[in-house]
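Asker: Following this message is one structure expressed as C-alpha cells.
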C-alpha cells in the first residue's frame with residue numbers, strides 16, 4: 001500500500017544516482033533511491049525498478065554518479081499501485097552532454113480514497129434511517145400504537161432512552177453512574193457525554209489503524225491530522241467534568257480532604273492501568289521492568305487529572321443553587337473569581353517555556369524544536385524533541401520511553417522519544433485547565449443558553465488568535481509550531497479553539513434545541529474508561545481483528561470500522577443495562 005512502481009530507463013549515457021525527497025519532509029536531506037548503471041554496447045539502455053511513495057508528492061533528483069552533479073529534477077505526485085516510467089536520455093552535442101527526463105504513466109493508479117467515500121455513504125445512510133425512526137416514533141399516532149402493543153413501562157424506557165433523551169439526573173464526572181461524582185448542573189448535560197464519546201470513538205478508530213491512511217495517523221512532526229485532535233479533546237472535556245463534579249460534591253457537604261483522597265486514589269489507579277495493563281511492550285514478549293514504558297496516555301491523564309483537581313480544590317467554593325451572575329465583574333466573573341489559579345497556570349507555562357527554550361541539551365542548539373534525523377538538513381540527527389526528549393531520556397532512561405515515535409516515519413529519527421513524556425504533561429495541565437473554564441461557564445451561566453454560547457465562541461476566537469500569532473499561520477515557520485509530539489503551547493491553544501467551537505455546536509444541537517439526542521456517541525461517552533481500556537486490551541483479538549490481505553486500504557478500513565462500531569454497540573448495551581465502569 002501507499003506505493004507505486006517506477007521504472008527508470010537510462011538511455012545511451014553514463015550511470016547516475018536517483019535521490020528522492022518527500023514534500024512532507026521539511027528541510028530534509030535527499031535520500032538515495034537507486035543507482036542506475038550506464039548503457040553499454042551490447043545493451044543500449046538499462047532499467048531499474050523501484051517502489052516510490054504515493055502518500056505525498058516527491059521530488060526525484062538525478063545526479064551523475066562519477067561527478068555527483070545534478071542532471072535533472074522531477075517533481076511528481078505518484079498514485080497508489082500506479083506503474084510509471086522515467087525515461088532519461090543522454091546525448092552529446094558538440095562535446096556538451098544534453099539530458100532529458102520524461103515521466104510517463106504505464107498503468108493508472110487506483111483511487112485509494114474510494115473506500116472512505118463508501119464508508120461515509122454507508123454510515124450516513126444508517127444515520128438517516130436512525131433519524132427518521134426517531135421522528136416517526138415521536139409522532140402521536142405511532143406513540144399510541146406502541147403503547148397499545150407493548151408494555152407501557154418498556155415503551156417509556158424505549159422512547160426515553162435510545163430514541164430520545166434519557167431523563168437527566170445529577171451525574172458526576174459527566175459519564176459516571178448516578179450517585180457517584182454528581183454534577184452541580186441541575187440536569188445532566190448530554191452534550192458533554194456526546195463530546196467525550198465523539199473524541200473517544202475517533203481515538204479508537206485511529207488506534208486500530210484508521211484504514212492505514214496517512215491522514216488517520218499522527219503527524220510525523222509539525223502539523224495536524226485527525227488522529228492529533230482526539231486526545232487533547234478528551235483532556236479538555238475531562239477538565240470540564242472536574243469542575244462540575246467537584247462543585248457538586250462540595251454542595252452536598254463533602255469535605256475537601258475526602259475529595260482529595262478520591263482524586264489521589266483515582267489518579268493512582270489510572271496510572272497503574274496505564275503502566276501494567278496498557279503497555280506496548282507486551283508485543284515484545286513477557287512484560288519486563290528493564291524496558292517498561294513508564295508514561296503513556298492513561299498516565300498523562302492521571303497526572304493531569306491530579307494536578308488540575310488539586311489546583312481546583314485549593315481555591316474552589318461550592319456554588320449555591322440560587323447563584324446568579326451580577327456585579328461590576330459579572331462579564332468576567334468566571335475568570336476573576338479564580339485569579340490565583342490563573343497565576344499558577346501561567347507560572348506552569350512559564351516553566352515549560354524556560355525549559356523548552358533555555359535548557360542546554362548536549363550537541364543540540366538551544367531551544368531546538370525539530371525532529372532530528374534527516375530534518376534540518378541532517379545537522380542534529382540525535383536531537384529529536386530538543387529539551388523534551390532530553391529530559392525524558394535523562395530522568396526516565398531511554399529504555400523506559402516510547403521507542404517508535406512518529407518522527408521516524410518521515411524524518412528517519414533513530415533516538416527514542418515519548419510523545420506523552422514529562423515536559424509535555426505541563427501543557428496537558430494547561431489544556432485541562434482551559435477545559436475547566438468551559439465547566440465554569442456552564443455553571444456560572446446555567447440556563448442562560450445565549451450567554452454560554454457567546455462565551456464558548458469568544459474563548460474559541462481568543463485561542464485561535466493566540467495560535468495564529470504563535471504559528472504565523474504556518475505549519476513550520478512560526479515561533480512555536482503546532483506539534484503533537486511536543487504538546488507545544490500552540491498545539492494546546494489550537495485544539496482548545498476547536499474544542500470550544502465543537503462543544504458550542506454540540507451543546508446547541510443536543511441541550512438547547514434538542515435536535516439531536518447525541519446518539520451514538522453519548523453511549524461510549526458515558527463509559528469512556530471501559531471503552532478505552534477494553535479497545536486496547538482486546539485490540540488483537542477476534543472480532544476486533546482478523547487476518548486479511550495486506551494490500552488494500554479498503555480491507556483495513558472495513559476491519560477498523562467494524563471494530564470501532566462494535567465498541568459503540570457494546571457501550572450501548574451497557575448503557576441499556578445501566579452498567580457504568582467507574583474508577
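In case you wondered, yes, glycine gets a Cβ from its N, Cα and C as well.
Bear in mind that the values here come from a model prediction, so they are computed numbers and not experimental data.
Pulled the feature table from TrEMBL, pasting it below:
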DOMAIN    188-327  domain 'Heparan-alpha-glucosaminide N-acetyltransferase catalytic'
TRANSMEM  116-137  transmembrane segment
TRANSMEM  197-215  transmembrane segment
TRANSMEM  230-247  transmembrane segment
TRANSMEM  259-278  transmembrane segment
TRANSMEM  298-316  transmembrane segment
TRANSMEM  337-359  transmembrane segment
TRANSMEM  422-445  transmembrane segment
TRANSMEM  452-470  transmembrane segment
TRANSMEM  490-509  transmembrane segment
TRANSMEM  521-538  transmembrane segment
TRANSMEM  558-575  transmembrane segment
Asker: Using DSSP, what is the helix/strand/coil residue split across the domain 'Heparan-alpha-glucosaminide N-acetyltransferase catalytic' (188-327)?
Answerer: 97 helix, 1 strand, 42 coil
Asker: With pairs closer than 6 in sequence left out, are the transmembrane segment (422-445) and the transmembrane segment (230-247) joined by 3 or more CB pairs under 8 Å?
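Answerer: When sequence-distant Cβ pairs are counted, the transmembrane segment (422-445) touches the transmembrane segment (230-247), since at least 3 lie under 8 Å.
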Asker: At a threshold of under 8 Å on Cβ distances, which of 116-137, 197-215, 452-470, 521-538 pairs most often with the transmembrane segment (490-509)?
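Answerer: Comparing 116-137, 197-215, 452-470, 521-538 against the transmembrane segment (490-509), the winner is 452-470.
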Asker: So if I exclude everything within five residues of the ends of the transmembrane segment (337-359), which remaining residues of that chain have a CB under 8 angstroms from its CBs? That is, six or more out.
Answerer: 311-312, 314-315, 366-367, 369, 386-388, 390-391, 423, 426-427, 429-430, 433, 440, 486, 489
